[in-house]
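Positions annotated as ATP binding site by TrEMBL: Gly35, Ser36, Gly37, Lys38, Ser39, Ser40, Arg140. The annotation Mg(2+) binding site is assigned in TrEMBL to Ser39. For Asp57, Arg81, Gly103, Arg159, the entry in TrEMBL reads substrate binding site. TrEMBL lists 1-21 with the feature region 'Disordered'.
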Amino acid sequence: MGPTDPTTTDPITADPVTADPVTTGPLVVLVGPPGSGKSSVGAALARLTGTPLRDTDTDIETRAGTTIAEIFTGRGEPAFRELEEQAVADALAEHPGVLALGGGAVLSARTRARLAGHPVAYLSVSATTGVQRVGLASHRPLMVGVNPRATYRALLADRVPLYREVARWEFATDTESVADLARAVADAVALPATPTPAEGQHR
């Protein structure tokens with residue numbers, strides 16, 4: 001299968017990144033919509049490379065002392081996006097391992113600018129698969145509504161161009177296993193394979 005076949009784990013390479021590569025920061029940054037597998041693929045990548053996984057959604061909840069859903073309800077989306085922008089900036093500056101960003105992080109122009117030069121991989125997913133994976137999860141406030149499928153399609157329409165703007169590689173996640181996706185990302189980004197004991201036991 002060729003590199004542009006959406007069913008393969010071979011990456012779809014985005015337009016050449018013009019920014020100079022960043023020599024510090026995360027080994028790889030994962031972006032993508034809810035349900036694309038950022039957390040699970042990120043965890044597998046962390047095991048494969050023997051590096052820590054950091055998730056900016058978790059960072060936000062830890063700092064705020066509450067859930068993302070409660071931040072949306074109590075303080076509104078603009079307040080959440082401010083917290084998210086700072087969480088991403090901090091993680092890009094501090095974290096040396098695998099970094100997974102929240103699905104809406106790319107909505108920030110400042111965040112998109114900060115991602116320039118970093119090794120960013122976009123995990124894509126179809127609307128059908130994404131809705132099946134996300135379901136009616138109450139912890140995803142933007143997915144709560146009378147028509148989750150229409151909501152998800154609108155979300156993809158808004159965000160897919162932004163994911164592709166910041167990413168150097170794109171991987172379709174609908175049919176591939178987490179392990180295969182992790183290895184495909186690691187190969188594309190040329191990450192060092194230093195598996196943790198848990199990863200080695202599953203080989």
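Placement of Cβ uses the backbone N, Cα and C atoms for every residue, glycine included.
Shown in sequence order, Pro34, Glu84, Leu101, Gly102, Gly104, Ala105, Val106, Leu107 are the same-chain residues outside Asp57, Arg81, Gly103, Arg159 whose Cβ sits within 8 Å of the Cβ centre of the substrate site. Within the set Asp57, Arg81, Gly103, Arg159 that the record links to substrate, no two Cα atoms are more than 17 Å apart, and one pair reaches that distance. Residues within less than 8 Å, Cβ to Cβ, of Arg81 (substrate binding site) and separated from it by at least 6 positions along the same chain comprise Gly104, Leu107, Ser108. Of the binding-site residues Lys38, Arg159, Lys38 has the largest number of other Cβ atoms within 10 Å of its own Cβ. DSSP assigns Ser40 (ATP binding site) to a helical segment in the three-state reduction.
Ranking the binding-site residues Ser36, Ser39 by the number of CB atoms within 10 A of their own CB puts Ser36 at the top. Distance noted between the C-alpha atoms of Arg159 (substrate binding site) and Ser36 (ATP binding site) is 13 Å. Secondary structure at Gly35 (ATP binding site), taken from DSSP and collapsed to helix, strand or coil, is coil. In the three-state DSSP reading, Arg81 (substrate binding site) counts as helix.
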